Amino acid sequence: MTSTSYPFDDTVQLSQIMPTQDDNAPIVGNNYVANVGINGNDSQQANVSTFSVSKKRACITVFILLLVNLLNYMDRFTVAGVLIDVKHYYHDLGNSDAGIIQTAFICTYMVFSPIFGYLGDRYTRKYLMVCGILMWSVFTLASSFIPGDYFWAFVLLRALVGIGEASYSTIAPTIIADLFSNHQRTYALMVFYFAIPVGSGLGYIVGSIVANWLGEWQWALRVTPLLGVICVILIIVVAVEPQRGMSENSQVHVSNSGLCTDIKDLIANKSFMLSSAGFTCVAFVTGALAFLAPSFMYYSTRFLSQMETESSISTKFGGITVLAGFIGVGMGAWLSRTYKRVNPRADPLVCAGGLLTCVPFLFFALFVSKYNTAATWVLIFFGETLLCLNWAITADILLYVVIPTRRSLAESGQILMSHLFGDAISPYIIGLIADSLADNHSNPKLPSVQFVSMQTALYLTTFVCVVGGAFYLATAIYVEQDKKKAEKISHGHLEDSEDDAVFTDGSDVNYLADEDVPRGIGGLRSDQEVRVAFTDGGS
């Protein structure tokens with residue numbers, strides 16, 4: 001017999017294997033068998049080890065990922081909560097200059113996302129996340145000590161924060177995908193993506209309150225680094241690293257293919273590309289509103305001769321964002337699950353509906369802002385709620401139309417696309433339009449002038465919402481067939497797929513049927529124990 005080596009997912013480490021408890025049934029099925037060599041008629045006897053993740057352990061892992069994601073978005077939008085103070089501290093920055101702070105962060109975030117996506121498909125994900133969290137915590141803390149004459153250094157450090165956050169955002173959803181499947185995955189993603197609006201809102205609230213209490217806006221940037229260290233400890237000690245594709249119950253191990261093959265397949269995946277385009281429009285709108293809306297409302301109150309402080313406005317906007325996000329993300333998951341019972345294309349249709357129905361609310365919020373502040377806040381709330389419908393659903397679409405070994409790369413590609421053409425440019429573009437309009441006045445710094453110019457510039461977001469809705473409607477055309485294709489590949493139906501490169505072929509690795517596993521090792525058990533068979537490279 002010739003000697004062969006069998007590739008297997010080396011991120012599954014025996015130190016992370018947890019025995020199944022009687023009162024905690026595992027969250028995946030009982031037929032998961034992978035990486036067993038079969039050569040002709042001679043089956044190699046595998047060294048078999050039990051790999052099982054209980055519901056309790058999986059839920060704890062998701063909760064930890066939620067905490068880190070909350071921290072992620074708190075850190076990202078803390079600056080927006082104290083933006084007026086930042087502009088004054090760095091010698092009265094213009095709107096476009098202030099927008100560069102967020103643009104620099106997003107640029108490094110999106111550039112490094114594909115790098116971490118590639119690494120996340122091949123190496124231990126929990127330790128990649130640990131490195132990223134430590135990195136963004138250090139750079140966030142350092143940015144709070146930059147003097148007022150060194151704005152470029154502040155921008156540079158905010159840009160470096162994006163590198164750390166890229167490592168987390170591209171990897172965390174793929175861990176959830178490997179822990180849960182079907183409707184359980186949808187609800188797990190719903191919990192995870194609560195962190196985007198809720199964390200963003202907390203960023204405004206915590207940042208403005210801390211700055212107000214301690215008298216300096218820099219203290220707002222010194223809260224999240226400490227919390228980051230706590231999250232690192234939780235990930236190392238408590239979080240589990242599941243095997244890729246574990247939740248699919250696949251009997252065939254899908255191995256990593258070449259980077260060029262992965263990219264080519266993702267580009268050809270119509271559902272992935274179109275939903276990413278729709279999500280890019282969402283990112284454009286939410287990025288502009290998240291970074292500029294508090295400043296806009298500050299100028300609106302001045303236009304109406306209401307003397308509200310920046311801290312008060314940021315706290316209100318943060319509270320609205322938290323509530324709208326909590327309701328919107330939960331409502332989106334519920335609508336998706338309910339509508340999917342009668343229409344398998346429910347996911348992209350719900351996303352399209354959310355974007356298109358939020359258009360009138362955003363439009364009238366901007367229009368009414370020069371007449372009534374309370375009505376503006378109410379309209380912003382409904383607009384944000386509808387925008388938040390698609391966060392978890394879009395992630396779910398990606399995870400079920402892409403095979404397990406390409407999900408981190410797909411996540412990073414979506415991040416790159418949505419930020420490159422979305423929130424990386426929207427604060428700067430809208431700020432630039434507002435500055436151009438304000439420069440036509442003799443005193444462009446007047447609050448009334450700033451208000452009218454920003455109001456006009458922000459109308460662009462309503463048009464982008466319509467474009468995003470169209471992309472999601474187009475996604476609905478292809479989502480069924482792309483989902484079925486990904487399922488066939490994951491379960492080894494080679495004859496149904498043109499993507500043979502992802503399977504190990506010949507005498508290397510195929511699969512081990514249930515009847516080929518010795519009884520008592522891979523057989524069915526009453527506690528539904530999950531079995532993963534693997535080889536140690538023998539002949």
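All positions are counted from 1 along the displayed chain.
Note that Cβ sites are derived from N, Cα and C of the backbone, with glycine treated the same way.
Quick look at what TrEMBL annotates:
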- 58-79: transmembrane segment (TRANSMEM)
- 61-480: domain 'Major facilitator superfamily (MFS) profile' (DOMAIN)
- 99-120: transmembrane segment (TRANSMEM)
- 127-146: transmembrane segment (TRANSMEM)
- 152-176: transmembrane segment (TRANSMEM)
- 188-213: transmembrane segment (TRANSMEM)
- 219-240: transmembrane segment (TRANSMEM)
- 272-297: transmembrane segment (TRANSMEM)
- 317-336: transmembrane segment (TRANSMEM)
- 348-368: transmembrane segment (TRANSMEM)
- 374-403: transmembrane segment (TRANSMEM)
- 415-437: transmembrane segment (TRANSMEM)
- 457-479: transmembrane segment (TRANSMEM)
*For the transmembrane segment (348-368), could you work out the same-chain residues 6 or more beyond its ends whose Cβ comes under 8 Å from its Cβ atoms?*
271, 274-275, 278, 281-282, 285, 328, 332, 335-336, 339, 375-376, 379-380, 382-390, 393-394, 397, 455, 458-459, 461-462, 465-466, 468-470, 472-473, 475-476, 479
*asked:* Give the mean pLDDT for the domain 'Major facilitator superfamily (MFS) profile' (61-480) on the 0 to 100 scale.
replied: 88
*Maximum Cβ pairs under 8 Å to the transmembrane segment (188-213) - stretch from the list 99-120, 127-146, 152-176, 317-336, 374-403*: 317-336
_Chain residues outside the transmembrane segment (152-176) and at least six past its termini with a C-beta under 8 angstroms from it_ = 61-62, 65, 68-69, 72, 75-76, 79, 90, 100-102, 104-113, 115-117, 120, 125-126, 128-129, 131-137, 139-140, 142-143, 146, 185, 188-189, 192, 239, 241-242, 244, 395, 398-399, 404, 407-408, 411-412, 415
_Remote residues contacting the transmembrane segment (99-120) - C-beta distance under 8 A, at least 6 residues beyond either end_ = 76, 79-80, 86, 128, 132, 154-156, 158-163, 165-167, 169-171, 174, 259, 287, 291-292, 408-413, 415-416, 418-420, 423-425, 427-428, 430-432
*Tally Cβ pairs under 8 Å between the transmembrane segment (317-336) and each listed stretch (58-79, 127-146, 272-297, 374-403, 415-437), then give the stretch with the top tally.*
374-403
*Out of 58-79, 127-146, 219-240, 272-297, 374-403, which stretch has the largest tally of CB pairs under 8 angstroms to the transmembrane segment (415-437)?*
272-297
